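Inspection log for the structure reproduced underneath, given as structure tokens.
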């Protein structure tokens, strides 16, 4: 076993990486409120795992979406638990993100030289809200349908580009299959990918600059 480790160590310098990860200085003023960002990340990972599990049963069509969600909740093994955890962790993720934003703002964590860390955090907040909007519609029940209709209709008030923007969001002139397909693609692929990229940027900046000091 040691020979295998030595082979990887010689090529990847695993010990140096481990030492760098475990040797970062943690300021004495850090308390439990500095864990809110990490809790948000944990909720996101739970979302990814449970969401991936549900893709095996969910059908993104206007005729089968609601029935597939019912199947997940009533017939699929542990489907009710997986979907419930997905919903609970979604609510927890939003709550932890809001508290994290307040903590960073109140402790001045957005100030120089951490402006870009703050910017990536704001982008992540927008992405998190987008998860809520797109995920809310996927069961394609009455609540989901009318929520999509209202949300996608908001840009229509914008002069000149309002109507084309609404049609872009809906995929057609009215809410239907194209809309559900777009929201499903956004919720399961585009938004998770963007979130993963910006989270990586966010954590690398924190890693480089360290935790902000007290007020």
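The backbone N, Cα and C atoms fix where each Cβ goes, and this holds for glycine too.
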When Swiss-Prot marks a stretch as transmembrane segment, which of 11-31, 32-52 is it?
32-52
Per Swiss-Prot, which of 116-136, 137-157 is transmembrane segment?
116-136
Specify the nearest of the binding-site residues 35, 86, 187 to residue 202 (heme b 1 binding site), where nearness means the distance between Cα atoms.
35
Distance check against residue 100 (heme b 1 binding site) for the binding-site residues 35, 86, 187, keeping those with Cα within 10 Å:
35
Could you measure between residue 35 (heme c binding site) and residue 86 (heme b 2 binding site) for me? Cα positions, answer in whole angstrom.
21
Under 8 Å by Cβ from residue 86 (heme b 2 binding site), counting only residues of that chain that are 6 or more apart:
46, 47, 50, 51, 54
